[in-house]
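First up is the structure itself, then whatever we jot down about it.
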Amino acid sequence: MARQGNFYAVRKGRETGIYNTWNECKNQVDGYGGAIYKKFNSYEQAKSFLGQPNTTSNYGSSTHAGGQVSKPHTTQKRVHRRNRPLHYSSLTSSSACSSLSSANTNTFYSVKSNVPNIESKIFNNWKDCQAYVKHKRGITFKKFEDQLAAENFISGMSAHDYKLMNISKESFESKYKLSSNTMYNKSMNVYCDGSSFGNGTSSSRAGYGAYFEGAPEENISEPLLSGAQTNNRAEIEAVSEALKKIWEKLTNEKEKVNYQIKTDSEYVTKLLNDRYMTYDNKKLEGLPNSDLIVPLVQRFVKVKKYYELNKECFKNNGKFQIEWVKGHDGDPGNEMADFLAKKGASRR
């Protein structure tokens, strides 16, 4: 018997897949140019809709309609580096090989987690990968034919970072390298959020906020001044402006802080932690909302490379990524960022 209910199929959007609530679907299509999506009364109809053209994606998507998880397609783009990453785990389950390096396989499924309580892993078969990612949020997974590329995906290594910043590796290191004799122990969480009153309507007003925990004088609360007044654009700008301020403080103030950005935008989290690594400048400029995306990625890369370059100077070894948090779930920092975003939108 066909499964009945409400099923929202996204054939073209930020994440293709099947969703069982409108809000989940909306997050994938709102503000996305040329989005293709449709509501169905049965899971089988929604699945059939996805089987039409324009369904392919290099990334998999973990959705919540009956536990459906879309299998990622292979990428043959290979990114090589000198050192192997430290922050990932190979398979340990009894159904999988204990060592990827000894496994007789040319297929690697890399799962990168953007939340602290879920471990990043690499699998050598789709079945185990699918079981691991099912019903999990805040993660991204991708298929590779090269183990180093799969590891790079998790560790955040990119061949394009310096090109995106329009600076050579040597110039960046010469300009921003700190003395290794100094250790900085202070850390700070920065919560970012966007808001849009009347989101999706012609009269919508959007704003963004960033809450610097323990440093209220640094908080950001501004209206979104350009482009479509969508919640998605406001969330992008919130993280972008927070990164801009973080960069200014890292490069101008004597006391350095290890900042950690937290946002409830899965799109921004996955873009910065995972997806931008396969984009060059031309690809970035072709993305929806590129007027905000390009500076967002450039600012993120600068901060990330700064911490990488000076990792021995920071207590947490310079670890920096965008952490996804569940929105409207009682997290005081996230609620404060939401308040600042709404305050900014009210000034539009």
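Using N, Cα and C of the backbone, Cβ positions are placed for all residues, glycine too.
Positions annotated as region 'Disordered' by Swiss-Prot: 54-81. What Swiss-Prot records for 54-65 is compositional bias 'Polar residues'. The domain 'RNase H type-1' feature in Swiss-Prot is assigned to 184-346; the stated evidence is sequence analysis. Taken from Swiss-Prot, the feature Mg(2+) 1 binding site covers D193, E235, D264. Summarising the annotation, Swiss-Prot assigns Mg(2+) 2 binding site to D193, D338.
It is 10 Å from the Cα atom of D264 (Mg(2+) 1 binding site) to that of D338 (Mg(2+) 2 binding site). Counting only the Cα atoms, the space from D338 (Mg(2+) 2 binding site) to E235 (Mg(2+) 1 binding site) is about 10 angstrom. For the binding-site residues listed here (E235, D264), the lowest count of other CB atoms within 10 A around the CB belongs to D264. The number of other Cβ atoms within 10 Å of the Cβ belonging to D338 (Mg(2+) 2 binding site), over all protein chains shown, comes to 21.
Counting every protein chain shown, the Cβ of D193 (Mg(2+) 1 binding site) has 32 other Cβ atoms within 10 Å. Mean per-residue pLDDT, taken over the domain 'RNase H type-1' (184-346), amounts to 94.
Compute the center of the Cβ atoms of D193, E235, D264, which mark the site for Mg(2+) 1; besides them, the chain residues with Cβ within 8 Å of that center are C192, G194, A234, A238, T263, S265, V268, G327, N334, A337, D338, A341.
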